[in-house]
Protein chains: 2
Amino acid sequence: MKNITGTMEKKTVEAEELGNHIGENVQIHGSIYKIRTMSDFAFVLLRTKRNVVQCIYSAEFSGFSLSEITEESCVIVTAHVKAEERSKTGYDLQMIKIETLSWPEEPSPVVINNKRVDASMETLLNFRPLTLRNERERAIFKLQEGITCGIREFLKQERFTEVHTPKIVYAGAEGGANIFCLNYFGKEAYLAQSPQFYKQMMVGVYERVFEIAPVFRAEKHDTSRHLNEYTSVDFEMGYIDSFEDIMQMETMMLRHVMVYLKEQYENEIRLLNAKLPVIDEIPAIKFKEAKEMISLDYRRPVKDFDDFEPEEERLLYELVKQKTGSEFVFVTHYPSRKRPFYAKDSGENQEETLSFDLLFRGLEITTGGQRIHKYKEQIAKMEYRGMNAELFDTYLMMHKYGMPPHGGLGLGLERFTGKLLEQDNVRLSTLFPRDIHRLIP
Amino acid sequence: MKNITGTMEKKTVEAEELGNHIGENVQIHGSIYKIRTMSDFAFVLLRTKRNVVQCIYSAEFSGFSLSEITEESCVIVTAHVKAEERSKTGYDLQMIKIETLSWPEEPSPVVINNKRVDASMETLLNFRPLTLRNERERAIFKLQEGITCGIREFLKQERFTEVHTPKIVYAGAEGGANIFCLNYFGKEAYLAQSPQFYKQMMVGVYERVFEIAPVFRAEKHDTSRHLNEYTSVDFEMGYIDSFEDIMQMETMMLRHVMVYLKEQYENEIRLLNAKLPVIDEIPAIKFKEAKEMISLDYRRPVKDFDDFEPEEERLLYELVKQKTGSEFVFVTHYPSRKRPFYAKDSGENQEETLSFDLLFRGLEITTGGQRIHKYKEQIAKMEYRGMNAELFDTYLMMHKYGMPPHGGLGLGLERFTGKLLEQDNVRLSTLFPRDIHRLIP
């Protein structure tokens, strides 16, 4: 028997700590990202956890031959941190020795160490395990991590409890055909399209809950906006005064995220040239009024009275930005017939729901709203829709035995990330996208 | 158009802040948890986000009749916070007024407001939306949240990047029959048994990564230890010196979690009477030696030379605890034929892998190990096992184009929570368990 002491000797320094070692020799590990040979020396770029570090190779002080090293090999570099005023970092990293831990079998089939990966989206995604090693590509998903960290920090502060709800479910919250089926020990089961039912149940338990987890949609859309699996940020809160509270909470949350990113992800923001939106007030406009406004301002006939066309979302963005400066807009009071059975109808107009979408830079990134919390009201709406309430008895349990007024929302993490970076395809902000054609890698 | 300002007026106080309002009248909202009628007054327990607050009803100062309120109704209470030395909190909460936001249709069919829910596990789980409202039940999952928060805090500090990898996959990491299949637009796809392939790929990108997400196992086991969907805490790290580094990291992580829980979840620990383990050093013993030790000490013949029987895990726990005081034990060097194709074999003995399990209070909660990082070594092991390496070409991409020595682990969140609370069935620490019989709620 031996003992694991729970201690780890650090033999190498972190890239971010190099400045504390000026005048010293240090060891640092990473992958050789790029070798740039100059006339009588070379820049050797080392990819570390979060930063790419520039080392200087020179026959003068480097006790090895440049031909000994190769891109994408994993190494431990011994280097001298030499004070250098002309350098942005304040030092030069002079390579003294190198130990190679592993070599690639072959050079990468895609060039990954330029500023951008110069390849089609197909290639970019087919070679994901390699293309993500590109400094810019990986910054996208580091920033995405920042978004979730900022969200968690905010929601925790607002006393939300984080939950883990099942993804294999007995019925789809949204219903319909857009659902993946699986055989669950002889029973038919589905992959959850959202944690809707469960997060509502948990409002009865903790009042405020959230979950950041995968959701699955079997939609056959093949567009730049759709994924068949994505990461959904869901929150649900009880004791609301009106569905406006949910929009207020989201506005506060997004504002918090922007501050968090600026503080903690400066590097990635710079690398990606991300223009973070200023979130002051967010305009809210009724769906019907938005439709009319777009139609009038752009002299477009309304074709679909129940939903936006993607083009209309873009036009609305332009209009609102022009009028108010905001890159976000809440669209409220969607028609009842387009919203799920648990959506609460407006007291003023039964054909409208107390619901909203949030559009960001012309794309819907959030759907939310108030839910029905009274048992009889919920049963009545299900009956009106011709649904068999008995199939939903475990869902309706909470309504029957007491629920506060409540509501919540779901935010698509990949869509939000993509729009933050002004990308035109949601696949670009998805680590390993799943679409109607893509299941690999 | 109106504006969402991103502000929310707080009309009610939080339970935790009541002590700051002594001498004042406040409003507080929540569900009526329990009404306890005494001779000339009543205790009205209010369930808030995290705490149950005791209010006092008396005809003397409460301007309403006790018959107006009912358990599990959602209310806003106006109360006077009266200094009271004899109270543990330092104050009494005298109910002045009550506003009821919603009433239950019927009283709960299960008694949920006693210290414990006195019901069979079947009933407990069948009525989850209600039974989770029990103070003790919900504390279990609040504590579980604390575990993930502590883990995230630690891993972030150790510079791990959090990732979201797909759950619909083209091939199972572990292979075998224990996998859920689904029809993915005419192609056969699987539900991920672990993020194994993806977290390894991401080591090539960020060096250290983690994910806390659902995994799916179609195992037909019907035991107290198995779930068909559970939350897996996975981390993977590059540039390890040996597989011992992974055990060191896990030991540090678990130690951090215990400190975190003690600081932030004191209430829940007390309510659940949880005995948090002291994590000093964790003994590590080779699988073969452990088998021999159990056999010798308990005079048991060894039946299965490749794996532990559950009874053996319990006996090993007792032995180790007796000898060292530790409630954890690492078991290392599992036989190669019982470990997956990506497990790195020991240099000293090709029939053993550089792998480990972590047992906690007699139950395996973690499986981990070093992975093969060299392309040719991986291909050779796959060929030796008769596998078709071509089917794994996107997985093998990372090996081919350069990977550091690396390894990682997966920890079952529900098992860990359960053992922390000394529960004897993992379903009790699963919010909405999925097992061979259970898909609802």
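Just so you know, glycine gets a Cβ as well, placed from its N, Cα and C.
Since the structure is predicted, the reported quantities are computational estimates derived from the model, not experimental observations.
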Same ATP site per TrEMBL - residue from B:E266, B:E268, B:E281, B:E364 joining B:R217, B:A218, B:E219, B:R225, B:H226, B:L227, B:G412, B:L413, B:E414, B:R415:
B:E364
Looking at B:124-127, B:196-199, B:212-215, I want to know which stretch TrEMBL calls region 'Aspartate'.
B:196-199
List those binding-site residues among B:R217, B:E219, B:E364, B:T367, B:L413, B:R415 whose Cβ lies under 8 Å from any Cβ of chain A, in sequence order, or write 'none' if there are none.
B:L413
Roughly how many Å lie between the Cα atoms of B:T367 (L-aspartate binding site) and B:E219 (ATP binding site), rounded to a whole value?
17
Spatial neighbour of B:R371 (L-aspartate binding site) that is closest, considering only the binding-site residues B:E219, B:H226, B:E364, B:L413 and their CA atoms:
B:E364
Where the record says B:R217, B:A218, B:E219, B:R225, B:H226, B:L227, B:E364, B:G412, B:L413, B:E414, B:R415 bind ATP, what is the longest distance in Å from one Cα to another among those residues?
19
Express the distance between the Cα positions of B:L413 (ATP binding site) and B:R217 (L-aspartate binding site) as a whole number of Å.
15
Which of B:R217, B:H226, B:R371, B:R415, all binding-site residues, has a Cβ with the fewest other Cβ atoms inside 10 Å:
B:H226
Tally of helix, strand and coil residues over the region 'Aspartate' (B:196-199) according to DSSP?
4 helix, 0 strand, 0 coil
